[in-house]
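**Student:** Sharing a structure with you now.
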Amino acid sequence: MIPVPVVVTVLGGWCAVYLADTLLKSSNSLKASYEDWLLTYGLSVSPFHLRWQTALFNRQFYSWGRWKPKFLYLWFSVGMVFGIVAMFGSVILLGKTLLQTLTQMLTEAPKAQNDRMLQVVVSVLSSSLSLRTVPGVNLPISQLTYFFSAILISGVIHEVGHGVAAIREQVRFNGFGIFIFIVYPGAFVDLFTTHLQLISPVQQLRIFCAGVWHNFVLGVAGFVVLFLLPAILFPFYYTGVGALVTEVAEDSPANGPRGLFVGDLVTNLQDCPVYNVEDWNSCLGDISEKSQVGYCVSAATLQQLSFPARVYRRLDGTVECCSNNSLTDICFSYSNKLDSHLYACLPARKVIEASKVCRTNMDCHKDFVPSFCVTPSLENQTRLIRVKHPPHIDMLYVGHPMHLQYTVSLSSFVPRQNFLSIDLPVVIETFCKYLISLSGALAVINAVPCFALDGQWILNSFLEATLSSLIVEKHNRELVGFLILLAGSALLAANVALGLWMVTAR
């Protein structure tokens, strides 16, 4: 949930700004000078909305818009085709997402988050693909800097696309601006409307599609950087040797004197090798889905280490045989030729160290030494996991594998020199992932034929360019466009509403 102090701070801050704005505008002595100050600096204030517009960058925009005209013509023509395809594609994606959400609401076992084909983040610009990502609700507070930075950069690149395309099509450019709505940042460009109305529908399409096109290109650029990051950082960091621990949560079961520490290099989970973070996540997923592995213990060692203990069943049907509340002993189950349900309370570390991993007694037959495959008798979904992080002693973790995944942060990049930061590759990776997600989402969502989004103007220009010969009357074409926009707006609104419900009500 969103922390109460954050809500109070945001609401209180906006109330203070709006109250000060109202008082200054109602003051006979200060109204004129205050309004002149706002006009001079291009500022405007309204409830939960602060806007700044400037002409400082106009010269730069005109320089970009007049650079290599033939290249820009080809560039924005490709963007026009992409924008039209994205407009139709976004409707299909939102339709499938709505069906998936309704299906998930009606089923008792909802699909995992990663199974979502499309996700939409609720923001003032509808600039994200995840309806199930809301800052402070299921987006970690520590990730807000990445989130808002990616939104702002995506919005700026989006509007730069519109501005440069407009100048390329001889439309007057009045200025560029940035706004904040509640806590969401965004950008905008001010174009001369009369010029927009005078140019051809195809020219309008190049301008209106330029925003989503630039966001798509930005997302692709972020993906390329993310893909090439090992090569880019190769002089400073090496990869493929393990997963480097960058953070261990204080409440993590991996925290402790024999746990994991920042700077440790994890190389194995059980018998599953770990060469990077993806291997770590994959190994934990396999351990969670499969049954608990056992360990080969000779009959002599088993007799020496075990001691009598009372056996009883837990509420979930599993068996516990260690009743001394020891932090080092675990109940193990095994079978011999006579009895298939034997239990022994054994010191976990002595059993596991230098032991071979097994599934059955057949895996332990070696040198004709009688051995048994002893398996930890733990509660459902709980696992005993051996984590190797040399040169330190192995960590023995007892708990749900996902708890280990959520409370330990790792990186695939290991510094070549001690003075290099272990967090830098993580920062770059995380930011690229947010940029890919949010910029790509801004491209898709703004292409939706919906009121107040780029899709509205893309649709209107597309209908003018394609239906003017089929539907001669302009008001009939406008009626067709209005009906399509109404349906697109309803589709997007339904996705947003159900997405918010999934976040807050479940």
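Just so you know, glycine gets a Cβ as well, placed from its N, Cα and C.
Whatever TrEMBL says is automated annotation, not expert-curated.
Keep in mind that this is a model prediction, so the values were computed, not measured.
Annotation source TrEMBL lists transmembrane segment at 6-24, 72-95, 173-192, 212-234, 434-459, 479-503. Taken from TrEMBL, the feature domain 'Peptidase M50' applies to 146-486.
Could you tell me the structural context for the features on the list?
**Tutor:** Proximity of distant same-chain residues to the transmembrane segment (72-95), defined by a Cβ-Cβ separation under 8 Å and at least 6 residues beyond the stretch ends, is recorded for 65, 117-118, 120, 161, 164-165, 168, 202, 205-210, 212-214, 216, 443-445, 447-449, 454-455, 458-459, 462, 488, 491-492, 495.
Counting same-chain residues at least six beyond the ends of the transmembrane segment (212-234), those with a Cβ under 8 angstroms from any Cβ of the stretch are 76, 78-80, 82-83, 86, 153-154, 157-158, 160-161, 412-413, 425, 428-429, 432-433, 435-436, 439-440, 442-444, 446-447, 454.
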**Student:** Under a Cβ pair cut-off of under 8 Å, which of the recorded stretches 6-24, 173-192, 479-503 contacts the transmembrane segment (434-459) most often?
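**Tutor:** That would be 479-503.
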